[in-house]
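Enquirer: Summarising the annotation, TrEMBL assigns signal peptide to 1-28. Look at TrEMBL and you will find 238-260, 304-331, 337-358, 370-392, 404-431, 462-484, 496-522, 529-552, 572-598 tagged as transmembrane segment.
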Amino acid sequence: CLYLCKSQCHRVLHCVLILCLFSGWAAGYKQGDNVTLYVNKVGPYHNPQETYHYYTLPVCRPEKVHHKSLSLGEVLDGDRMAESLYHIRFRENVEKKTLCQLTLSEKQVDQLREAIEELYYFEFVLAEIPIWGFVGYIEESGFLPHSHKVGLWTHLDFNIEYNGESVIFANVSVKDVKPVPLEEGTGAAVGGVGVGGGTLTVTHTYSVHWYESSLPYSRRAERLRDYSFFPKTLEIHWLSIINSLVLVVLLLGFVIIILMRVLKNDFARYNVEEDGSCDDLDQGDNGWKIIHTDVFRFPPFKSLLCAVLGVGAQFLTLATAIIIMALLGMFNVHRHGAINSAAIVLYALTSCVSGYVSCSFYTQINGQRWVWNIILASSLFSAPLFITWSVVNSIHWWCGSTQALPATTVLLLLGAWVLVGFPLTVIGGIVGKNRAGSFQAPCRTRNIPRQIPPQPWYKHTVVHMAIGGFLPFSAISVELYYIFATVWGREHYTLYGILLCVFAILLSVGACISVALTYFLLSGEDYRWWWRSVLSTGSTGLFIFVYSVFYYRNRSSMSGLVQSTEFFGYSLLTALVFSLMLGSVSFWSSLAFIRYIYRSLKMD
């Protein structure tokens, strides 16, 4: 009975989660109902990932702070919501109501001045709607004499839109409000603000105005996207996308046509002699035909190669699932951190893919240490991720940022990997080992490897990596800016259909370029294509990291230890993910191509 009850509870919970994901459930309010306003975080305007709890500033706060229960995604996003002293009732206007009166010490005034000079903004949350505003006002004017004015906003006007029983939109304004000047030190404020004894007394007030809206609740995300507190740079960029698409189509067509014509000539030349055995094929021939007895010679570091292929397949699965979920509307602007939660859950669940692919192929190429292979596949990305996160999280913790994860969240993430991710990798590896077939090489491999002739400079690994990495990068360079502006900026990405097209273009270009470079390598009688195919297109990650450095220096205003460490740390991980994904696609494309051309030869 207990087992049945647990089973029913799990089913009910599963249904509730599905309904929460796909439904547009709206919280209904009646006239006069309390609408809780949560204070969240503050931080420098130009450093999106450097955020601190709102109550770290000397502001109005309750005697006992009550925090809101947050989801995993919200915690990972740096949210730390707490109840505020603002009393807002549904559809009831308020005119200049006193919030609190504060007596600020000289140290607290200096803290506010420093925050205002660094363009600190705050974020509140009302009915799942983020509300942004600046802490204060700064003005630079004149040259001789130069004036530097810093003011604190002590009055906020809340403008809230509603439709029926639902809150549609909310923002805050300081129009027609004069800031309280904060001069160097205390004792110099004006405008009816009490001064004395080295302290500064300020009174915080607020007003609330309700406006009826015709926009339905199901479309309120559109209202937030049209709001312009943060600069709007993500316009529809159809011209750039079409330009990239045309270039990619021309590139793919060029590669496919050239390869087909060259291969047709090769087959016509190599298959002239229909009678002959596999051992006679290297008599008087050159090119890729002569290395048929070496091209399927298994490479060094087989376990590492298979781990790369497995983790790359895992991230291909994860990225495809994320894009499909986004197209289904599961990540909107009101679901704080939903994409972070989905990425963590999918990473744990897709661990079985890395274990299966890695161990299956490792068994096919006569690998013996399959246990070590599973451990390597499970730690190939998780170990760099843990090291990078440890450094970044330690700096956030040292600086007091809300991006530092609490101990409970760390234990939760660690438990997800230990209890779900790693076991699924092991299970996938065991299944892959048991279901692995033969390698299916069209030609047998000789015991003694053939000597590789000297290669020209344009067939060296570095040159192939430069070509194979730059072409896929050029296919996504336009969209990459918008992705960076979303991840490291203030934008909400909504063009998931275009993202799916660009993702498909990226994989297609990587596959075709890999096949072309592999053909050129084999034509020079060099059979070391295994690792070369992975590195050629996998080098796209290097170009992406170089672009991240360019973006940091020229396209953003980010600065400081906290922001720089997080940006470059996670940019390195992003480059690693792209290298693993494209390296996996490149390898499987080259393997399929090589099997095709050698199977098409007339050999006994």
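Each Cβ is built from the backbone N, Cα and C atoms, and glycine gets one as well.
TrEMBL does not curate its annotations; it predicts them automatically.
Could you place the listed features in the three-dimensional structure?
Expert: Packing against the transmembrane segment (370-392) from elsewhere in the chain are residues 303-304, 306-308, 310-311, 315, 351, 354-355, 358-359, 362-363, 403, 417, 421-422, 425-426, 429, 433, 565-566, 569-570, 572-573, 576-577, 580: each is 6 or more residues past its ends and has a CB under 8 Å from a CB in it.
If you look at the transmembrane segment (404-431), the same-chain residues 6 or more away from its ends with a CB under 8 A from one of its CBs are 72, 75-76, 344-345, 347-349, 351-359, 370, 373-374, 377-378, 382, 393, 396-397.
Note on the transmembrane segment (496-522): residues 241, 244-245, 248, 251-252, 255-256, 258-259, 262-263, 287-288, 291, 295, 316, 319-320, 323, 326-327, 459, 464, 467-468, 471-472, 475-476, 479, 483, 528-529, 532-533, 536-537, 540, 582, 585-587, 589-590, 593-594 of its chain, located 6 or more positions outside it, place their CB under 8 angstroms from a CB of the stretch.
Sequence-remote contacts of a segment are chain residues at least 6 beyond its ends whose Cβ falls under 8 Å from one of its Cβ atoms, and for the transmembrane segment (529-552) they are 295, 298-299, 301, 305, 308-309, 461, 464-470, 472-473, 477, 480-481, 484, 488, 510, 513-514, 517-518, 521-522, 558, 564, 567-568, 571-572, 574-580, 582-587, 589-591, 594.
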Enquirer: I need to check the long-range neighbours of the transmembrane segment (304-331): which residues 6 or more away from its ends have a CB within less than 8 Å of a CB in the stretch?
Expert: 21-22, 338-339, 342-343, 346-347, 350-351, 353-359, 361-362, 365, 367, 373, 376-377, 380-381, 496-497, 499-500, 503, 507, 530-531, 534, 577, 580-585, 587-588
Enquirer: Same chain, outside the transmembrane segment (337-358) by at least 6, Cβ under 8 Å from its Cβ: which residues?
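Expert: Sequence-remote neighbours of the transmembrane segment (337-358) are 71-77, 79, 306-307, 309-311, 313-314, 317-318, 321-322, 325-326, 330-331, 373-374, 376-378, 413, 416-417, 420-422, 424-432.
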